[in-house]
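Accompanying notes for the structure given below.
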């Protein structure tokens, strides 16, 4: 059954999600998504502050002038569509089929954004004089290089000592059904770009060259087998994965002059980036390699333990869905890593993530409406 057949039956969250999906906001574009949200929020008393940094559109919206500050955080940008011929429906023409809303960004994360807005509208209507503040931190640079997005907004807020108490990020945390998993932390991320130097030459005259691939092979073997830590009750053991490796000219008769290797750590709170860097560079020295290495720090690990935010989220999911959630720290990074270092408690709660970044991305229509109910209950638990 098509969208047209369902249009009269869809709820307010689904309708707003459709309006957002229809804006082709491939990162770092926003395409008016934040304006649409801002209009709805301004109508219920939010002060809207646009923060544009180079090609990135950000929005800081706040209702209230006192603490505590509850912040909804998310992004309006989406990943590219991929092969259009593999989509059942056009990715920027939101379509409902058999109870699922299809479109790029349906699950990641325009559905969450719509649920946040609708939940806030309902909450403010019931509690116009609520204590504390409600805020929205929205960016169009989460799926891209994450240079001019949330991190720049946080820098601005920190410079004027404007603090967030609790942040709820709308990333699609659920796995099999809505709310079965929330993310109450994330591992740190550290990337290395390593160049091992050699001497280029003819393969028939190896004594006149120095093969960096041969030299680096024992190091790479040891690196891949190194045990970094045991993890802990909240985080799995630190993982290192080689992501890219390149050497040679493409010719079969040339010994390469350099080998380039990119590898990434996803690390627990049992180690620090500094410890990992020291151990890798000690290993490089032990293998007597001539090398250059560039480190890129992508985010600290963070953890939101027992407390008001986790309690409120557990209560909301149980009340709306009838089952308990499972807090986890697995998966990739999110913009929560930029908010947590300020001292804010951060959680991620959003739709099922089975189709994110794929062709035919979709979200269950009923889940969108239930997600807004979860968000509303969380607001009531924390600000009433």
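Note that Cβ sites are derived from N, Cα and C of the backbone, with glycine treated the same way.
For reference, Swiss-Prot has these:
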type: BINDING; residues: 75, 108, 171; note: Zn(2+) 1 binding site
type: ACT_SITE; residues: 77; note: active site
type: BINDING; residues: 108, 143, 357; note: Zn(2+) 2 binding site
type: ACT_SITE; residues: 142; note: active site, proton acceptor
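DSSP assigns the residue listed as 'active site, proton acceptor' to coil, not to a helix or a strand.
Figure note: comparing Cβ neighbours within 10 Å for the recorded positions 77, 143, 171, the maximum is reached by 171. If you compare Cα positions, residue 357 (Zn(2+) 2 binding site) sits closest to 108 out of the recorded positions 75, 77, 108, 142, 171. Close to residue 108 (Zn(2+) 1 binding site) in the fold, though at least 6 residues off in sequence, lie 78, 79, 171, 172, 350, 353, 356, 357, 361, each with a CB less than 8 Å from its CB.
Each of the recorded positions 75, 142, 357 was scored by the other Cβ atoms within 10 Å of its Cβ; the lowest score goes to 357. Apart from the site residues 108, 143, 357, the chain places the Cβ of 78, 79, 105, 109, 356 no farther than 8 Å from the centroid of the site's Cβ atoms, the recorded Zn(2+) 2 location.
Distance from the CA of residue 75 (Zn(2+) 1 binding site) to the CA of residue 142 (active site, proton acceptor) is 6 Å.
According to DSSP, residue 75 (Zn(2+) 1 binding site) is assigned to a strand segment. Residue pair residue 75 (Zn(2+) 1 binding site) / residue 143 (Zn(2+) 2 binding site) shows a Cα separation of 8 Å. DSSP assigns residue 171 (Zn(2+) 1 binding site) to coil, not to a helix or a strand.
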